[in-house]
Amino acid sequence: MAGGNFMGADEGGCEYPGKLTRYVALTCIMAAMGGLIFGYDIGISGGVTSMDPFLKLFFPSVYRKEALDTSTNQYCKFDSQLLTLFTSSLYVAALIASFVASFVSKKHGRKVTMFLGGLFFLFGAVLNAAAVHISMLILGRILLGVGVGFANQSVPIYLSEIAPYKYRGTFNVLFQLAITVGILIANIVNFLTNKISAGWGWRVSLGGAAVPALVILISSFFLDDTPSSLIQRGKSEEAEQLLKKIRGVDNVDAELKDLVEASEASNKVQHPWKVLLRVRKYKPQLILSTLIPTFQQLTGINVVMFYAPVLFQTLGFKANASLMSAVITGAVNVGATFISVYCTDRYGRKVLLLTGGVLMCVFQALVAGLIGWKFGTTGVVATVLPQSYAILVVLCICVFVAAFAFSWGPLGWLIPSEISPLEVRSAAQSVTVSMNMLFTFAVAQVFLKVLCWMKFGLFIFFAAFVFIMTLFVYFYVPETKNIPIEEMSRVWTEHWYWKNYMDEQSPAKEVV
């Protein structure tokens, strides 16, 4: 049994007895593996779209522009709406699936929702690996998207509900860590499969998604559901026994009482979506569940991560060099996420968000300056790019990725999953996932065209958004460190702005 007594919340809060057990640590690690499927997909997409055999088979016009037409503007040579549809169709499917997953999660539990996520992702991986026509690719991407929608809806909530509140941040960040590991694995796979001379390496890359799908499928078989979900579905005795098991003590009366009260309040709400959208006291949760994932995507991080190989080729790197650069940024992404694992519950969420925001803004602007310096507005470079320039570009991108990895990456999932009361938690998480996927889709779909239009100014555009969202965090995002999830209403009543939305009126009375 691992150490860590967590008696004693912040002053004025509730105290739950218990300790961090090996069982709950292992459970959280297994559940967090759900992030692998999202991360692997982010990393694999940009890699295969930079492989010549893949482009020749499915996107011949892009291949001709990229490989055969040396006069093409570097900013515009990958501009193809069909190519970006391949990448971004997943996110539309995930957006829609997240709403269905909200219903499944509330009625059947987080565990079942995670299992279904892995199952859909497995089917999509098999279909993509066997693809002989663009329609098979798109259909496979849609199935992958359904899997991502189910997993991203259920895993962050699962982690927030089952982890001891003193360690909730640390364990929830494991979800983002799994995403970054998935990205890194995908980048390494792409680098190796691109060397397969027979030209079928892209099938291995796409089919490899079956591995993280099997990981979450198998993991979900061995997981218990969360106490909150069990109580919400009328299994109070089972929830009590599970609480004793995961807290490592017999005295769980205080936490169980709060969970039961939260469940009773939740059961009075027949229409959680209507309550979330209409009841005034849930406006803070609705606004943050909408804006945090939106801001997360408008950092430009997914542009860097799933278009990294394409981006580096655009900057003049050769195919293998661009894939290796993507491996380097993927490794930085994983390493920097450990900063968040260590710091989130020690120093709080806001200090990481603010520090990361400043670094991202500065280095995004530097990337814009470096690209503008060499390519200008024409996108044509007269000479071979020097090695020192390439190293400087990769270094700036790595610092940007590292800053995101310890701040907006993990906390963009953690904060929305922990701020909502049980009665609207699944609905609010669906808002988070859907907004994340909507803006991921939008950025993915328009990036290559906007890069062609805005040139290096695109990176200044993203830097401006990072500046805006850093100000938003400073003024409007409350600190949630060491607050029990069922006591989270405290952060709103004590906040200088959000307290204006708080009242004691029952949601059941406010919404008919």
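Every residue, even glycine, has its Cβ placed from backbone N, Cα and C.
Bear in mind that TrEMBL entries carry predicted annotations, made automatically and left uncurated.
Annotation source TrEMBL lists transmembrane segment at 20-40 (among others).
Averaged across the domain 'Major facilitator superfamily (MFS) profile' (27-481), the predicted model reaches a pLDDT of 84. Summarising the annotation, TrEMBL assigns domain 'Major facilitator superfamily (MFS) profile' to 27-481.
Taken from TrEMBL, the feature transmembrane segment applies to 82-105 (among others).
Residues or ranges marked as transmembrane segment in TrEMBL: 112-132 (among others).
Through the fold, the transmembrane segment (138-159) approaches residues 28, 31-32, 34-35, 37-38, 41, 85-87, 89-98, 100-102, 104-105, 110-111, 113-114, 116-128, 131, 168, 171-172, 174-175, 206, 209, 213, 216, 223, 226, 413-414, 416-417, 425-426, 429-430, 432-433, 436-437 of its own chain, all at least 6 residues removed from its boundaries and within a Cβ separation under 8 Å. Taken from TrEMBL, the feature transmembrane segment applies to 138-159 (among others).
Annotation comment: TrEMBL describes 171-192 (among others) as transmembrane segment. Panel annotation: around the transmembrane segment (171-192), residues 25, 28-29, 31-44, 47-48, 51, 155-156, 159-160, 163, 201, 204-205, 208, 212, 305, 308-309, 320, 323-324, 326-327, 329-331, 333-334, 337-338, 340-341, 344, 405, 409-411, 413-414, 417-418 of the same chain, lying at least six beyond its termini, place a Cβ under 8 Å from a Cβ of the stretch.
Residues annotated as transmembrane segment in TrEMBL: 204-223 (among others).
Per TrEMBL, transmembrane segment is recorded for 286-310 (among others).
Positions annotated as transmembrane segment by TrEMBL: 322-344 (among others).
Residues annotated as transmembrane segment in TrEMBL: 351-371 (among others).
Counting same-chain residues at least six beyond the ends of the transmembrane segment (391-415), those with a Cβ under 8 angstroms from any Cβ of the stretch are 152, 156, 160, 168-169, 172-173, 175-177, 179-180, 288, 292-293, 295-296, 299, 301, 304-305, 308, 312, 315, 325, 328-329, 332-337, 339-341, 343-344, 349, 352-353, 355-357, 359-360, 363-364, 366-367, 370-371, 432, 436, 469, 477, 480. The transmembrane segment annotation in TrEMBL covers 391-415 (among others).
The transmembrane segment feature in TrEMBL is assigned to 427-447 (among others).
Feature annotation from TrEMBL assigns transmembrane segment to 453-477 (among others).
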Leading stretch by Cβ pairs under 8 Å, where the reference is the transmembrane segment (20-40) and the options are 82-105, 204-223, 351-371, 427-447, 453-477:
204-223
Go through 82-105, 112-132, 204-223, 351-371, 427-447 and flag the stretch with the largest number of C-beta pairs under 8 Å relative to the transmembrane segment (453-477).
351-371
Should the transmembrane segment (82-105) and the transmembrane segment (427-447) be scored as in contact, given a threshold of at least 3 Cβ pairs under 8 Å and pairs 6 or more apart?
yes
Contacting positions for the transmembrane segment (351-371) when only residues 6+ beyond its ends and CB under 8 Å are counted:
299-300, 315, 339-340, 343-344, 389, 392-393, 396-397, 399-400, 402-404, 406-408, 411, 455-460, 462-463, 466-467, 469-470, 473-474, 477
